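The domain 'MTTase N-terminal' annotation in TrEMBL covers 3-120. As annotated by TrEMBL, [4Fe-4S] cluster 1 binding site applies to C12, C49, C83. Annotation comment: TrEMBL describes 143-375 as domain 'Radical SAM core'. Summarising the annotation, TrEMBL assigns [4Fe-4S] cluster 2 binding site to C157, C161, C164. The domain 'TRAM' annotation in TrEMBL covers 378-476.
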Amino acid sequence: MPRKLHIKTFGCQMNEYDSARMADALAASHGFEATDNPAEADVLLLNTCSIREKAQEKVFSQLGLWRELKTARPDLIIGVGGCVASQEGAAIIRRAPYVNLVFGPQTLHRLPQMLDSVLATRRPAVDVSFPEIEKFDRLPDPRVDGARAFVSIMEGCSKYCSFCVVPYTRGEEFSRPFDDVIAEVVHLAEHGVREVILLGQNVNAYRGAMHTGEFADLALLIRYLAEIDGIGRLRFTTSHPQVFNERLIAAYAEVPKLANHLHLPVQSGSDRILALMKRGHTALEYKSKIRRLREVRPDISVTTDIIVGFPGETETDFAATMNLMEDMNFDTSFSFLYSARPGTPAAEFVDDTPREIKEARLSRLQSRNTEMAAAISRRMVGTTQRILVEGPARKSPRQMCGRTENNRVVNFDVQGSTNAGRSRPPASRDTCTSLYIAGAGCESVAECADKSLIGRFADVEVTEALTNSLRGRLLVETQARRA
Ligand code: 5AD
Ligand code: SF4
């Protein structure tokens, strides 16, 4: 019987991505199958994130729960990976001696060998070094699951914002070679992926070595990826305003496959706070970049990250952030209460704003952002949106769902839609295509439509805006666009 692996992930998309790569690596090396149930797993891995949370405590309380499983089954292997592992290293095993493996975000590709060593010697294995590019080289091709895929193109960050732990936990920026990224996306496209989300802590610092000896930036990478057959939509996250340049704006102007959405964290609207954060740009510089972008993509949706309650933030600073949010008309954004991260410069700053005040500011900011995003949703009613159909809707199996370019989920009925492209019903279920949605010829119309629509682009008319999603009416399914 195949051995089972359970991974619990705390944190961001980057961590989710890393967890998927851990599962791939152990499936390829040892035939591990993933399970959601820790009680039936042979290996338990905790993939941690410490960017905003008191992650250490979360880690040890989770480990405490797993310890009971290990008492009942002494052969159980327990591993800790990610940012907390990278910060704490062997100290994790000193505090929780039943842990067998400790690995950092940059050494997850060594998991198979580390696991072999634990199995052979029964002694703990710890590796939290930063071997850089080796991580990308040693990972198996990702397994394809669905029409959207995340592709990590760079790792780490060299910006050293004063509040942020990432440069310390993930190391300095390093980019994956250009040809490797292209090869991975070709592979994904051949296996049905239609939308690719390029990932990295600071993706617009991408500088990928090409076989010609030159280096490609993110704008060039996007232009090449857009040429790959089958790829219909590209996104990237997260980027930094300082390196959001004219070449990227030109890519937005000239590459229609680049989604009409940009996530560009601003963190604050106050120049004083931005300087204390060491962001390297002013509010005006941020605004002018977005203005330039909107010259080439007038209706682009822009989302951001904001930190509220940075040490020394006054009411005036906060008002500047609220103003910037209005000015930029941000779509659904992320905002967080500042949290001091050990080892970062800002952790030493005097922070004398009472927590209640910070919380009140955060909730003002979040309610205004919710209103702004709702207004954007309402304005979408009556428009035609191209969505990538992902599968059945969560709440109703009779409905399908997909995502718009500005990342909104649209649920739509598959039954009762009009015959958009065929005059005769398909002869059999096998030949059923999504262009024929309603009518005879399928044992179950819904099932037929489900199968054929998944992984394709379709145009829907938005009929209703709800709090967290949209409702729509299917117009016509289209093929993946070509540039
Ligand atoms: N406190 C609060 N938010 C933080 N972020 C990063 N570090 C901190 C911190 N110490 C937020 C930033 C960043 C996002 C990924 O997490 O807004 O863009
Ligand atoms: Fe952290 Fe982003 Fe700043 Fe890098 S650019 S230090 S990841 S907040």
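Each residue, glycine too, has its Cβ placed from N, Cα and C.
Closeness to ligand 2 is met by none of the binding-site residues C12, C49, C83, no Cβ falling under 6 Å from the molecule. Cα of C157 ([4Fe-4S] cluster 2 binding site) to Cα of C49 ([4Fe-4S] cluster 1 binding site): a distance of 15 Å. Taking each of the binding-site residues C12, C49, C83, C157 in turn and counting other Cβ atoms within 10 Å of its Cβ gives the largest count for C83.
Annotation note: C83 ([4Fe-4S] cluster 1 binding site) sits in a helical segment as assigned by DSSP. In this structure, the C-alpha atom of C161 ([4Fe-4S] cluster 2 binding site) lies 17 angstrom from that of C83 ([4Fe-4S] cluster 1 binding site). Among the binding-site residues listed (C49, C83, C157, C161, C164), C164 have a CB atom closer than 6 Å to some atom of ligand 1, in sequence order. Restricting the average to the domain 'TRAM' (378-476) gives a pLDDT of 71.
Close to the recorded [4Fe-4S] cluster 1 site, the chain also has F10, G11, M14, N15, T48, S50, I51, A55, G82, T169: residues not among C12, C49, C83 whose Cβ is within 8 Å of the site's Cβ mean position. In terms of DSSP secondary structure, the domain 'MTTase N-terminal' (3-120) contains 63 helix, 23 strand, 32 coil. Distance from the CA of C164 ([4Fe-4S] cluster 2 binding site) to the CA of C12 ([4Fe-4S] cluster 1 binding site) is 14 Å.
Within 8 Å of the centroid defined by the CB atoms of C157, C161, C164, the record's [4Fe-4S] cluster 2 site, lie the Cβ atoms of K159, Y160, F163, V165, V166, P167, Q201, N202, excluding the listed residues themselves. Taking the C-alpha positions, the distance from C83 ([4Fe-4S] cluster 1 binding site) to C164 ([4Fe-4S] cluster 2 binding site) comes to 12 Å. Here the Cα atom of C49 ([4Fe-4S] cluster 1 binding site) is found 12 Å from that of C164 ([4Fe-4S] cluster 2 binding site).
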